[in-house]
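Asks: What TrEMBL shows for this protein is this:
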{"type": "DOMAIN", "residues": "5-201", "note": "domain 'CYTH'"}
{"type": "BINDING", "residues": "GLU7, GLU9, ASP145, GLU157, GLU159", "note": "Mg(2+) binding site"}
{"type": "BINDING", "residues": "LYS11, ARG55, ARG57, LYS65, ARG125, GLU157, LYS193", "note": "substrate binding site"}
Amino acid sequence: MAQGLIEVERKFVPGPSTEERLQELGGTLEHRVTFRDSYYDTPELSLMRADYWLRQREGSGWELKCPGAAGVSGPHTEYTELTAEPSIVAQLCEVLGAEVPGAGGVAAVLGPLGLQLVASFVTKRSAWKLVLSGADGEERLLRVDLDTADFGYAVGEVEALVHKEAEVPAALEKIHHLSSLLGVLEQGRAPAKLIVYLQRFRPQDYQRLLEVYGSKEKPGTGDLD
């Protein structure tokens with residue numbers, strides 16, 4: 001698989017004072033933005049059931065989230081993000097057992113790979129960033145996104161991006177520390193917007209995912225983010 005950044009994230013349910021708390025901690029509001037996300041998969045959800053999440057974001061292009069290291073536990077998730085279309089196409093073909101086409105971007109392979117629109121919704125986001133020092137004295141930039149989807153669901157995400165697997169534990173330590181400062185329950189787990197969308201509007205597809213992930217609510221999808 002083509003190498004990309006490793007995204008370590010934790011989703012949570014924001015409260016009415018979350019933004020105020022971020023300001024108190026020295027956080028900076030980067031921007032407020034509204035965008036549409038569209039997710040694609042096969043009718044059988046072959047990608048999502050294998051923990052791959054293909055998204056087209058309005059104004060940002062395509063992204064494929066690929067599962068991170070096995071054995072990651074707790075209310076956080078770890079993904080490798082691919083944003084270069086040739087890398088995305090190659091990975092899609094590998095996961096779906098198809099031959100890699102000679103040329104063309106993601107849009108050109110949707111039909112041949114049997115990929116169709118599964119979900120599409122608009123999100124209003126406030127994006128924050130702040131720097132936390134860990135026990136080792138190392139500073140790490142963390143990003144916090146506070147999202148409200150157009151179907152009435154609000155969710156937050158604390159995220160750190162690292163370049164290699166060895167950096168993941170330190171990133172998790174910072175994420176857990178910030179989560180506690182924000183008052184997020186240690187065992188709390190908030191589902192991603194896509195999961196809630198499927199549960200509400202495509203219950204059969206939601207059940208397909210439950211067959212794979214069981215009672216563990218898959219926060220996956222990065223849609224946050």
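Placed from the backbone N, Cα and C atoms, the Cβ positions cover glycine too.
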Asks: With LYS11 (substrate binding site) as the reference Cα, tell me which of the binding-site residues ASP145, GLU157, GLU159 is the closest one.
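Replies: Considering only the listed binding-site residues, the nearest one is GLU157.
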Asks: Around LYS193 (substrate binding site), how many other C-beta atoms are within 10 angstroms of its C-beta?
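Replies: Taking all protein chains shown, LYS193 (substrate binding site) has 26 Cβ neighbours within 10 Å.
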Asks: Just how many other Cβ atoms lie inside 10 Å of the Cβ on GLU159 (Mg(2+) binding site)?
Replies: 21
Asks: Ranked by the number of other Cβ atoms within 10 Å of their own Cβ, which of the binding-site residues LYS11, ARG55, ARG125 ranks first?
Replies: LYS11
Asks: Round to the nearest Å and give the CA-to-CA distance linking GLU7 (Mg(2+) binding site) with ARG125 (substrate binding site).
Replies: 19
Asks: Work through the binding-site residues one by one (GLU9, ASP145, GLU157) and name whichever has its CA nearest to the CA of LYS65 (substrate binding site).
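Replies: Nearest listed residue in space: GLU9.
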Asks: Counting Cβ atoms within 10 Å of each candidate's own Cβ, which of the binding-site residues GLU7, GLU9, ASP145, GLU157 comes out highest?
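Replies: The residue with the densest Cβ neighbourhood is GLU157.
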Asks: Please list, in sequence order, the residues in the chain of ARG57 (substrate binding site) that are at least six apart in sequence and whose C-beta is under 8 Å away from its C-beta.
Replies: PHE35, ARG36, ASP37, SER38, GLU63
Asks: Have a look around LYS65 (substrate binding site) and count the other CB atoms within 10 A of its CB, chains all included.
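Replies: 23, counting other Cβ atoms within 10 Å of LYS65 (substrate binding site).
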